[in-house]
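Noted in TrEMBL for the protein shown:
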DOMAIN    B:95-296  domain 'ABC transmembrane type-1'
TRANSMEM  B:95-123  transmembrane segment
TRANSMEM  B:135-161  transmembrane segment
TRANSMEM  B:173-192  transmembrane segment
TRANSMEM  B:227-253  transmembrane segment
TRANSMEM  B:273-295  transmembrane segment
Amino acid sequence: MLTVDDLEIGFSTLHPLAGVDFSVARGEILGLVGESGSGKSMTAMSVMGLLPLIGGRVTRGSIRFEGEELTTLDEARYRRLRGGRIALITQNPMTSLDPMVRVGPQIDQGARLHLGLDARAARIRTVELMARMRIPDAARVYDLHPHQLSGGLRQRIVIAMALAGDPELLIADEPTTALDVIVQAQIVQLLVELVRERDLALMLITHDMGLVAQACDRVAVMYSGRIVESGPVAAIFEDPRHPYTRALIGCIPRPGMAEGTLAGIPGTVPSIADLPSGCRFHPRCPMAVAACRDRVPQTVAVAADHGVACLLAGAASGDAP
Amino acid sequence: MAKYAIRRLLALLPVFLVVTVIVFLLIHLVPGDPIDNLMRSGSDPAQRDALSRAYGLDRSLVEQYLAWMGHLVRGDLGTAIVQRRPVAELIGENIGYSLALGGLALAFSAIVGIVAGVTAASFQDRVADRALMSLALVGSTVPSFWLGLLMILFFAVQLGWVPVSGARHWTSVILPATTVGLAGMALVARVTRIAMIETARQDFVTLLHAKGVSRFTIQTRHLLRHALVPVLTLLSLRIGLIVGGSVTVEYVFARPGLGSLLIRAIGQRDYPVIQGSLLMLAIAVMLGTLVGDLLQAAMDPRQREDDRS
């Protein structure tokens, strides 16, 4: 449904994304994982066609949605796509709703724009949608303002807002990061249900490998503006080939883990103004060899639908040195 | 909302009381009194005392204040000492001119300011934005009396479009209103622009774009609404300055109005007229601010909530 190929974007002379490839199929949940600063949200903004809003542009590559090239699409047609066929769910439910407008009409807006409903029909649809989001007493909540609702409820409103225009592809940018653990689990479960019952495609952006294991079908691991490893969730967790993927999996806490054994990843994602040469992960990589400093690793297939961009990919399987 | 309005109105009562004290004391503490105006210097001291007694000026300040307040609560503003006419009548003759001037100045500040601010924000950092903001800077720094004189020279004397002074024709209000409103207009433009730009950076605006809402709708329906909140605050603060500015501008343009009435009365130390017209100006400021606050509360649901708790 969505295929991103060799995507590079630019902000004046800087390139936060430098050759990103991935795809999402209908009915599939793709996890896009990485630390803060790896370019996940930039990827979301690129697909939404909202880069100009933050001063960026696509400088290379293509984004195809149902066969249609989006990087060259004119604004009027892109606008019909946004909310109508591709929808966005943002991270912080506290700031994602207009504080001066009642929540119901904020959901209506999408249905009126993209489905051509009048005010009454949109309201009926919105209340149904809110009820489907398991918002109790939806008809009453419709008339409340955002500040009268809890974070979890607001995030359900944001999801309802995304679904209002009946989209086919959902992009959820860290939809649970700002919520407490119990609400997180409920929201993830809701998203998974919606994907299954409406046959949507979902691009779930997160930094949480645990969430990926729990909810996703496939995963693309992102580091410093590139996809370093991608494949089915089972394959990635059983046989992670990229040292960064392994490090991320090592960051998932498990019950019964001895104190002090939860691993972090030393160092930070490099700034896009000062990128390392060769493999961008080499300064933090425990397995880096001299060649990693000079050569940019190409993505190689290590199994069906499992690609890795690491010079040591062949050797770096589970029992590597 | 109605409850909130009534509570805010009641809260003005103590303010009003303090204002009456200040209005009363201000003029009584200035040297000289109305009798100086009525009698030539060197006239008979006994006659002087008689006049003083007749107007109650021989009594203590406290007694005079209480007497004035006593009449005031019954709606009586007293009688002018020099013109020997009821103060209410004098105010009635002049207040229309002042309301027209102040109202037009406020409307000019608000409408032109908001339009300029929205335009500047939608062309952020481009030529139109820079030009408008430079003009706004000039507008907010030029003293209004000087600007008034310049405008009289250009529009009234050179071009002859509007009358030089007075208030015989309705067009005569245009120049003074522009003069009084210009500084406020410039500030409103700057505040509108920056509020639009700041709001545009918020997450919910990104989501509006992501919903496929057009740029124009986002600007006019959503950003503008947010920008109006600080603009209303600014406008209700400007009301005081507009009232104050009208006083000098009425004088520059030789217009009738409360300002002209007040300035003449101050020269004559005509206590009842001074007190009455100052009180009117103070009430205008208080009511204007109240209306501004109420409008703001009506627009922003969060403010109503905060106040209820």
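The backbone N, Cα and C atoms fix where each Cβ goes, and this holds for glycine too.
Curation does not apply to TrEMBL; its annotations are automatic.
Because the structure is a prediction, the values reported are computed rather than measured.
The listed stretches are B:95-123, B:173-192, B:227-253, B:273-295; of these, B:173-192 has the most Cβ pairs under 8 Å to the transmembrane segment (B:135-161). If you look at the transmembrane segment (B:173-192), the same-chain residues 6 or more away from its ends with a CB under 8 A from one of its CBs are 100-102, 104-110, 112-114, 116-118, 120-121, 132-133, 135-140, 142, 144-145, 147-148, 151-152, 155-156, 162, 167, 227, 230-231, 234-235, 238, 241-242, 245-246, 249-250, 252-253, 255. Tertiary neighbourhood of the transmembrane segment (B:273-295): same-chain residues 4-5, 8-9, 12, 15-16, 19-20, 23-24, 26-27, 68, 77-78, 80-83, 87-88, 90-91, 94-95, 102, 106, 232-233, 235-237, 239-240, 243, 247, 258, 261-262, 265-266, selected by CB-CB distance under 8 Å and a gap of 6+ residues from either end.
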